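Inspection log for the structure reproduced underneath, given as structure tokens.
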Amino acid sequence: MSSSSAPASSPSAAKKLKVAIIGSGNWGSAIARIAGINTERHSDVFEKDVLMYVYEEEIKGKKLTQIINEEHENPKYLPGVKLPAHVRAVPSATEAAQGAHLLVFVLPHQFIGSVCKELKGKVDPSARAISMIKGVDVRDGDIRIFADVIEEALGVDCSALSGANIANEVAQDKFSETTIGHREGERGRESAELFFRLFDTKTFKVGMIEDVAGVSLCGALKNVVAIAAGFTDGLGWGDNAKAAVMRIGLMEMKRFSEEFFKGVKPETFTETSAGIADLITTCMGGRNRKCAEAFVKTGKPFDQLEKELLNGQKLQGTETAREVHEFLKARGKVDEYPLFRAVYSIAYEGFDVQDLTSKL
Ligand SMILES: NC(=O)C1=CN([C@@H]2O[C@H](COP(=O)(O)OP(=O)(O)OC[C@H]3O[C@@H](n4cnc5c(N)ncnc54)[C@H](O)[C@@H]3O)[C@@H](O)[C@H]2O)C=CC1
Ligand SMILES: O=C(CO)COP(=O)(O)O
């Protein structure tokens with residue numbers, strides 16, 4: 001595992017690299033801000049201008065792209081935080097990605113399929129991508145990480161970035177760490193070093209590890225555990241119960257990843273920001289935790305709570321619980337992951353939340 005120090009060698013940049021951010025939600029906007037700061041700071045490597053794909057919507061009769069480009073702020077998804085003026089919002093993923101050398105995918109996982117379909121055949125095959133998506137793609141009894149989905153759809157190599165990164169805190173330059181999982185070989189390492197340059201700052205410390213699958217799966221599966229942690233908060237069960245759920249959750253995350261993906265590294269789970277640290281922060285301060293607590297306290301369904309509490313932001317944990325359940329069911333293995341199963345049953349099958357720990 002590499003720590004967060006400056007890369008030993010940087011690939012020489014014959015021409016400056018153009019960066020596109022595909023996504024502009026809470027995390028998308030926070031990461032676009034950091035990328036914009038660093039394209040200016042490392043102007044020998046990057047083109048200063050960054051294009052950011054914004055899923056267009058109207059706010060008080062005005063287009064969100066227009067508001068962002070005039071006010072340099074995303075008032076819906078990251079209010080109160082200024083973006084560099086050279087981060088420009090565009091309403092088309094194709095326009096943002098055209099000619100880009102570095103593609104940053106940071107959309108809620110349910111929208112990646114349609115965006116990749118749109119981008120197919122339109123990105124430079126020598127471009128490098130990174131997935132900041134916390135979710136998994138489950139279909140036809142199979143499971144894939146989104147870095148693989150992007151690689152296959154677009155024919156570009158794709159790393160992953162995940163960590164203990166509540167977007168609002170990162171956007172205020174409060175200290176945090178994150179982890180890039182990269183592919184093996186020289187090109188994988190080179191990609192990680194370029195993305196390190198694009199994201200590392202004094203308060204956002206980037207580490208690297210050769211483990212795209214482990215980093216991606218930590219980001220996806222901790223959201224399911226965060227739902228369970230939110231349940232314990234809603235029940236008023238206290239800190240010991242929450243810590244127990246987190247410990248059991250981490251074990252299920254690790255076991256699941258090792259069982260279904262080749263080559264994941266155990267230390268990704270226990271030593272990186274993508275692993276244990278993200279699990280902790282999400283179970284303390286994330287949106288999944290918040291909605292799960294409200295689910296217990298109000299009895300309202302998750303889709304209603306998402307609308308009422310998140311103002312357009314998307315919950316990933318409930319969808320992931322459903323997708324993981326579907327995958328495990330197809331393999332006859334649901335009972336081997338009792339915490340994942342309990343979260344699914346409570347969220348989707350009307351099981352009593354008081355039974356959260358009864359089968360653990
Ligand atoms: N918010 C956070 O603190 C962090 C989030 N993440 C992950 O980053 C990914 C992106 O999440 P956020 O940026 O937080 O998004 P978000 O949940 O704040 O916002 C939702 C985004 O989806 C867009 N959208 C809505 N319908 C769409 C459609 N049909 N097609 C395309 N886009 C559509 C919205 O315009 C908005 O930009 C997720 O996988 C999340 O788990 C990772 C680290 C931190
Ligand atoms: O991934 C996150 C922090 O690292 C954010 O988690 P939530 O989606 O639960 O807010």
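Glycine residues also receive a Cβ, built from the backbone N, Cα and C atoms like all the rest.
On a predicted model such as this, the values are computed, not experimentally measured, just so you know.
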Hey, TrEMBL has substrate bound by R287, N288. Any idea which of K134, K174, K202, K205 it lists too? K134
If TrEMBL says G23, S24, G25, N26, W27, G28, F111, R287, K314, Q316 bind NAD(+), which of A164, A167, A229 does it name for the same site? A167
For G25 (NAD(+) binding site), which of the recorded positions K134, K222, N288 has the nearest Cα in space? K134
Summarise the domain 'Glycerol-3-phosphate dehydrogenase NAD-dependent C-terminal' (211-356) as counts of helix, strand and coil residues per DSSP. 117 helix, 0 strand, 29 coil
Here the recorded positions are G23, W27, F111, K222, Q316, and the Cα closest to that of N288 (substrate binding site) is found at Q316
Which listed residue (W27, F111) has most other Cβ within 10 Å, given these are binding-site residues: W27
Long-range Cβ list for K222 (active site, proton acceptor), cut-off under 8 Å, min separation 6+ in sequence, same chain only, gives K134, G249, M253, D278, L279, T282, C283
